[in-house]
Amino acid sequence: MPELPEVETVRRGLETLVLGQEIVAVTLKVPKMVKTDLETFALTLPGQIIQSVGRRGKYLLIDLGQLVLVSHLRMEGKYLLFPDEVPDNKHFHVFFELKNGSTLVYQDVRKFGTFDLIAKSQLSAFFAKRKLGPEPKKETFKLKTFEAALLSSQKPIKPHLLDQTLVAGLGNIYVDEVLWAAKVHPGTASSRLNKAEIKRLHDETIRILALGIEKGGSTVRTYRNALGADGTMQDYLQVYGQTGKPCPRCGQAIVKLKVGGRGTHICPKCQKKRP
């Protein structure tokens with residue numbers, strides 16, 4: 001699944017490709033992807049001009065002035081721009097024809113991606129309803145708030161970080177990296193973390209997601225950015241996907257286990273389980 005660094009990289013690519021372009025026609029082949037009114041989606045988008053492309057957590061925000069098209073890539077979603085003819089592909093599901101003759105295509109092998117066309121004034125309420133946490137930046141991701149939320153919860157720390165309420169944008173790859181960097185076992189109850197561990201989790205979340213953005217995201221399966229290029233963050237992953245390899249910190253073999261139903265990579269020496 002594209003996580004915050006991948007979605008931010010897609011955002012930057014889209015802004016380069018389609019900023020200022022007018023949508024002249026929309027073709028939708030998988031109606032279930034649209035979570036707001038279908039007729040409004042089909043009739044309102046033509047004539048809209050793409051004023052900016054933003055992001056909140058793992059959501060892309062295509063700013064159309066008074067309206068915002070909120071796009072979530074889910075597991076396999078990606079955007080491609082074709083300057084002329086669009087080739088046949090059974091995984092191409094949404095087509096945005098632009099005034100300059102190009103077509104922005106949404107591709108999704110799993111068909112899990114979603115679109116919500118909402119008034120810009122409703123955007124805050126949209127994310128509040130989903131209990132989306134702050135962006136992982138020092139200005140918005142406050143240590144004291146993070147600490148209070150953790151200490152009041154019995155949830156294991158990995159599922160808690162994944163649920164998007166503590167901080168927006170973490171997924172399975174970057175959670176494993178953050179937990180390893182902070183020397184925290186993923187099954188530890190949030191309330192049992194000490195202040196030093198919580199500070200490390202906070203600081204490493206900010207650092208690692210920023211590094212992921214700098215490296216253009218991780219291409220570990222099918223991820224490509226909007227320009228069709230791979231990311232390079234996979235070359236900097238310390239624990240995710242490294243089963244059997246020596247821990248970069250202590251040399252112990254990395255192991256893979258299940259936590260909260262998710263495949264999880266840890267160093268059993270650096271990330272000791274609490275008795």
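Glycine too: its Cβ is placed from the backbone N, Cα and C atoms.
Swiss-Prot tags one of the stretches 133-167, 238-272 as zinc finger, and that stretch is 238-272. If one looks beyond the zinc finger (238-272) by at least 6 residues along the same chain, the residues whose Cβ comes under 8 Å of a Cβ in the stretch are 156, 158-159, 162, 172-173, 176-177, 179-181, 183-187, 220. Looking only at the zinc finger (238-272), the predicted model's pLDDT averages out at 97. Here the zinc finger (238-272) has, by DSSP, the following mix of helix, strand and coil residues: 0 helix, 12 strand, 23 coil.
A straight line from the CA of Lys58 (active site, proton donor) to the CA of Arg262 (active site, proton donor) spans 19 Å. Between the C-alpha atoms of Arg262 (active site, proton donor) and His91 (DNA binding site), the distance comes to 26 Å.
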